[in-house]
Amino acid sequence: MDEVATILKIINKTIFKRAVTFFVCAAIITVLATVITYIVNPDLKGVMKSLGDNSSNQLKESTGIKKIWAYVVNNGFMVPLQMVVLTLIPIQFLYLINVISTAILPGILFGVVLQVDYKKGIEIIASSIPHYFVEIFAFCLFAAVLFELNRVIRGKIRSVFKKDKDGISLVKKTLGTIKIYMVLILPMIIVAAFLETYIADIIFSLFH
């Protein structure tokens, strides 16, 4: 409980508001990707092949617990690691690239399924909402935390060329980021994996 209280203290109102802002932007990107894909009417076979190539073979071929594990490995470890690497580059908002790409892909998929079968497309979108919300918000929250880490990194680099040293500890900020990831972000990704694997199918079946 003390660890959770510490994490909640680190995630102040500013970080949470920034995460919400990122999430709203991601949702808008998904909607735009859906509308554009639906209007443009691209080659469906080419789009589906491209989307398939972006998914790991393990994730496409897995089911049940194996699918959850493959999902966690990809979205719980690989994607956050990529975001951290981009955070180390002293350029603001690079770590949002993964959030943007994650928001675009479902939008394209939604647009495609709406073209193929509008009614079924609506059902698929509705069944995807719980998983989408948890996954995207987890990434947005992590991006909001990385925003603070990236700011410290940029401050440390600027301080090299200034007499005034940045008093914020990079090590302390890094450890705080790791704690938030382990206690909050990773569990959210695991929940999203269960939602996609099991709950999405249950919601979809309710329409039939």
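Just so you know, glycine gets a Cβ as well, placed from its N, Cα and C.
TrEMBL has this to say about the protein:
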type	residues	note
TRANSMEM	20-40	transmembrane segment
TRANSMEM	68-86	transmembrane segment
TRANSMEM	93-112	transmembrane segment
TRANSMEM	132-153	transmembrane segment
TRANSMEM	180-207	transmembrane segment
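Contact between the transmembrane segment (180-207) and the transmembrane segment (68-86) holds: at least three of their C-beta pairs are under 8 Å, each pair 6 or more apart in sequence.
Among the listed stretches 20-40, 68-86, 132-153, the one sharing the most Cβ pairs under 8 Å with the transmembrane segment (93-112) is 20-40. Using a Cβ-Cβ cut-off under 8 Å and counting only residues 6 or more beyond its ends in the same chain, the transmembrane segment (20-40) has close neighbours at 47, 96, 99-100, 102-108, 110-112, 114-115, 132, 136-137, 139-140, 143-144.
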